[in-house]
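Since the structure comes first, as structure tokens, the remarks are kept for the end.
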């Protein structure tokens, strides 16, 4: 069997969004399950719009998702001499020709065709004319066959046939000599021995054109697979308001790479009713031919559900570094406070993203200087001073700082003062966290630590006394 070689070829003219990542994932999975190679290529011939920042973001996004590549990144901007060489080869073999048509003529031609309800296309005006000896500007067009059809078996869509009469003579070199997209892609796939081109279905109209150029070069054709687009929940093309943002924004919002990978593989592909896939299962089970031909709808709630699943199931050690980043972004000093792994284990059931987890965990690492106004009015009352004082004294005298012992102190104090457990736990929670939401109060006290907990209880008692005065 021929050695499988796939590629991902983004343009660095913007961010790497989830549609591009899904295409990269499918291509990467196909290579991995066939013991093949996954090649990364940066299509940066659009010098005006390509930026190094975009290149860096693409590489960083792929690394975050652990979509690793065997070769590259190759840069088209470094291969210009090779493209010119192939263009010259096509001209010499009479598979390409100079076109001197002015912009005005082409605009007039297009308007006439539209007026006559015809498909806008080049009419071949320069196709059979000899090259001029003047210094007039020209482009180079590929001499597309006028008979027959381009037929190929798409890995996802099955057999596709395009009549050559539907295709005009596309430009392969601009008037400044620069190669166009359809030429560079063909040369790269040929030179890099790509066996399977898996890409978005927005490229499907380019495929017959590229196949004809490959035929003219005497090159072996790769297999093609065109992945349907991702739509928003409203059925419209995915936009920023739906979630078509940089993949790194998902990282910054506290999503886990495992969750995003799992979500994207299920967008348009299924394996029975299975929802959760490990990376190993993805490689083993993914089937490119089983990808749906219909567009997939992006569901942010499903992604959140998956993210929470992974927060609960991934080892806290694995996500501790990302959690630390979120806490530091929130302005927290991590030198004081419990271990990150302990907080993750405690908060994973209660939060859906690492960012939310960090926002809800700040009180573990910084003193509480103020209270939510509504929470303080409801729970930090004069009637609770004595029970709080009792809790403070009992906690201070515990021989060891253990959750079970802490729990006993709260239960016994509530019974002593004829309070329901919640009537005592909520004021303690407000004193410790500044608000009414936290994990179980014994676990919260345990992680905050004895010294800090006692200080916070003292602060709350003073706060109540000041209010009484």
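Each residue, glycine too, has its Cβ placed from N, Cα and C.
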Annotated range (Swiss-Prot: motif ''HIGH' region') out of 10-20, 21-31: 10-20
Per Swiss-Prot, the range holding motif ''KMSKS' region', considering 222-226, 227-231, 232-236, 237-241: 237-241
Extra residues within 8 Å (Cβ to Cβ centroid of 99, 101, 126, 128), Zn(2+): 97, 98, 100, 124, 125, 127, 129, 141
Fewest other C-beta atoms within 10 angstroms, as judged across 99, 101, 126, which are the binding-site residues: 101
DSSP state at residue 99 (Zn(2+) binding site), helix/strand/coil: strand
